[in-house]
Amino acid sequence: NYLILYCDIKYCKYKYRSPGVGGSSPEEPIRRSISELMGEAPGERPHLCLECGKTFRLISSLKKHLRIHTGEKPYPCTVCGRRFRESGALKTHLRIHTGEKPYSCSDCGTQFRHLDGLRKHRRTHTGEKPYVCSVCGKRLSRLQHLKHHQRIHTGERPCCCPLCHRGFKDPASLRKHLRAHQGDAHP
């Protein structure tokens, strides 16, 4: 049994489906308190986003996810005013202003603001290349590099020069080309 619940995030017009009690049907829009819905068995993902179909174990995770659809960003940076969907993202962002880089490479000492940055960097030492092109089999260390590489096969050139309108497969190629317009290199 499911109940349709309406999100109680401020100004949210989205609704979501969550397990119900007592035989209510999905056609009956009924509000329930979060506490009534928290008794789910571990491992189950009973909370469904009706916008995209993604499921969640906790209703609080669903509510956080709904911000993607609503655009709500309730956590503002007190330094620059930029807003964030999650408090953790704000905390990480604040490191830009404080200069804090809590993650460091044990091999070379390079420091990073984000754990993900350190993980990507570690691949330069390990040689790990987990991303594989399905067309030619080339292995790459970063997902973004794979996406740019695949444009060789598709012919896609989404990065356009604003001066001559020539297309490039990635931002780095466009930047190199723009230096040519400035006289730093030959086009």
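Positions of Cβ are set from backbone N, Cα and C atoms, glycine also.
The model shown is predicted, which means the values in this text are computed figures rather than measured ones.
Annotated features in TrEMBL:
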DOMAIN    47-74  domain 'C2H2-type'
DOMAIN    75-102  domain 'C2H2-type'
DOMAIN    103-130  domain 'C2H2-type'
DOMAIN    131-158  domain 'C2H2-type'
DOMAIN    159-186  domain 'C2H2-type'
Other parts of the chain folded back onto the domain 'C2H2-type' (75-102), taken as Cβ under 8 Å at six or more residues beyond its ends: 64, 67-68, 111-114
Beyond the flanks of the domain 'C2H2-type' (159-186) by 6 or more, those residues with Cβ under 8 Å of it: 148, 151-152
Sequence-remote partners of the domain 'C2H2-type' (131-158) [C-beta within less than 8 Å, at least six residues beyond its ends]: 120, 123-124, 167-170
